[in-house]
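**Student:** Have a look at this one.
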Amino acid sequence: ENKSNVTEFILHGLTQDKTVAKVCFSLFFLFYTAIILGNLLIIITIKTSRQLKSPMYFFLSYLSFLDISYSTVTAPKLIYDLLGEKKTISFVGCIAQLFAGHFLGCAEIFLLTVIAYDRCVAICKPLHYTNIVNKQVCGWLVAASWVRGFVHSMVQTLLTVQLPFCGPNEIDHYFCDVHPLLKLACTDTYLIGVTMAANSGVISLSSFVVLVVSYAVILVSLRTSSSEGRLKALYTCTSHITVVLLFFGPCIFIYMRPSTTFSADKMVSVFYTIITPMLNPLIYTLRNGEVKNAMKKLWSRKV
């Protein structure tokens, strides 16, 4: 028997101040447009360029696709609600948003881990790189990212959907997420909250360990390299480390803790759902000469 009698939730949104909301509407509309255009440009450039056929760019194109998809889960609803009088979302829509957000977010975490592994093999075993990270391996690694994201999201969603929601239906957030929904449940959510935190914690911790080990191996291997080779390798890895810090930091703050909510949660969530996907194309293009040259050639052909 379904004990829930809530058919829709009311979102408090990002702000209640109408003047601030109008400013935020303009900003986030520009941010979301930049996310779509910037990441599409990365995908088109990689797919059409003959020079960008290495596994690194294969993974980068999927990262851009995930950035577009992940931001689309929350950004359009946020932008619409900033000027809307009634900020509501159906129960089914809320659960769907929860599932999609965790599915795509977790897939991106694993893909960032895969990119770290790719860089480790490329720098530490350059002569065997094409044999170790071939097309088939690349396909399996991307597929594994999707599968692990799906499994994680199913756990979070199934634990949430079986909770009874029988009273308050106002979510103090701009999208449906685990902690705000646990706060509204008409039952003790301590064990479920711990289970969800453990689920997210295992994923974040295992990915973090792989990242740390990968870059530790890279740093050790660079000790015997020439100064020029060392600088080139570090320059290549810096972009990925920057993206990892921008994405992992806020996610760890939100999900690796008990089911409590803080006033800063909304601003932190804005950072990893909108700001980071917008910055990723800039980080990878501004610090990558091959991508910039490929974009110039693409632009020249279009002109």
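Every residue gets a Cβ built from N, Cα and C, even glycine.
Sharing the feature lines straight out of TrEMBL:
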| type | residues | note |
| --- | --- | --- |
| TRANSMEM | 20-44 | transmembrane segment |
| DOMAIN | 38-284 | domain 'G-protein coupled receptors family 1 profile' |
| TRANSMEM | 56-75 | transmembrane segment |
| TRANSMEM | 95-117 | transmembrane segment |
| TRANSMEM | 137-155 | transmembrane segment |
| TRANSMEM | 201-222 | transmembrane segment |
| TRANSMEM | 234-255 | transmembrane segment |
| TRANSMEM | 267-286 | transmembrane segment |
**Student:** Among 20-44, 95-117, 234-255, which stretch has the highest count of C-beta pairs below 8 Å with the transmembrane segment (267-286)?
**Tutor:** 234-255
**Student:** Six or more residues out from either end of the transmembrane segment (95-117), which same-chain residues have a Cβ under 8 Å from its Cβ atoms?
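**Tutor:** Tertiary neighbours of the transmembrane segment (95-117) are 56, 59-60, 62-63, 66-67, 69-70, 73-74, 77, 89, 141-142, 144-146, 148-150, 152-154, 156-157, 160-161, 175-178, 181, 203-204, 207, 210-211, 214-215, 240, 243-244, 247-248, 251, 272-273.
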